[in-house]
């Protein structure tokens, strides 16, 4: 949810990672980016995003396989199931599930980036450390949000809140069946997986090298996590699901456009993707999200104290103000694109970074491919 459309960095000062040694037989070699890390504890965490989580995951899975009724079960499944209604009640023990999936997402992200997306970037034409790593980062985002948005839309369409594909939500139906202390099975898993993902996103943001808009990004992630927690405590997870689906769609198109830029696709392809992204951003993050803010402002006062009511309004408006901050960045990119008659470039360039961060296992995976 950060700055828009990526710039493929093909600077001459960077070492090419994918090159042809012999054009006659099309032989080539790929080595994972040589990457520097932060010092201290954050650097240690960044270097072990595969092996440490894998040990924890295998320990839990192995314990559950040997002792199905042991404590390990709490990390894998929710506990308060009601077979009569096919729903799960809230429980503080749900936090064990969250902890497991924060660990699992850390492992999955690092593994998919390192062993699938980075080699794919090199094969598709990315030629520098930065472009290969950024392709992998955005590729992971595209994969995750494609899955989460699809599942979220399925969940929201199961509720009376769903309206139609033009205006997604009935604003007067958000509090239907309030309070939602019990959730359908698929909604429960969806919501807690989303919560786990956002906590893991904050973790990654803190251990990797900060970008130019680090403050805006960490503020966005912090407010998002706060709103998710509040939706649990206030029993309004339908609001949370609506916020998720209104935010996730734009990230799919944004990350796809960035990936195309990083592998050197022409502007004739990248610019239409950016135009589509800009339309989706305005529609989902301002028009639809505005409906969510309106619904809470008008109807929530009947159910909560003034303090609670206005606190949530404040958090929703902080999130919207960040969206407007990034919308301004979009307009700046469009202006520069037309002023220079060139393609879309990232307003938050990485060019001033001296190092690129990635998991430590990247350094050890330098097998040649021919």
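Any Cβ shown, glycine's included, is placed from N, Cα and C.
For reference, TrEMBL has these:
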type     : residues : note
COMPBIAS : 19-28    : compositional bias 'Low complexity'
DOMAIN   : 133-339  : domain 'TLC'
REGION   : 1-31     : region 'Disordered'
REGION   : 349-370  : region 'Disordered'
TRANSMEM : 50-67    : transmembrane segment
TRANSMEM : 99-118   : transmembrane segment
TRANSMEM : 139-159  : transmembrane segment
TRANSMEM : 214-234  : transmembrane segment
TRANSMEM : 272-296  : transmembrane segment
TRANSMEM : 308-331  : transmembrane segment
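Residues of the same chain lying 6 or more positions beyond the ends of the transmembrane segment (139-159) and with a Cβ under 8 Å from any Cβ of it are 109, 112-113, 117, 120-121, 168-169, 173, 176, 184, 186-187, 190, 193-194, 197, 238, 241-242, 244-245, 248-249, 251-252, 255-256, 259.
Long-range contacts of the transmembrane segment (272-296) within its own chain (CB-CB distance under 8 A, at least 6 residues past either end) are made by residues 4-5, 167-169, 171-172, 174, 239, 242-243, 246-247, 249-250, 253-254, 256-257, 260, 309, 312-313, 316-317, 319-320, 323-324, 326-327, 330, 333-334, 344. For the domain 'TLC' (133-339), the model gives a mean pLDDT of 92.
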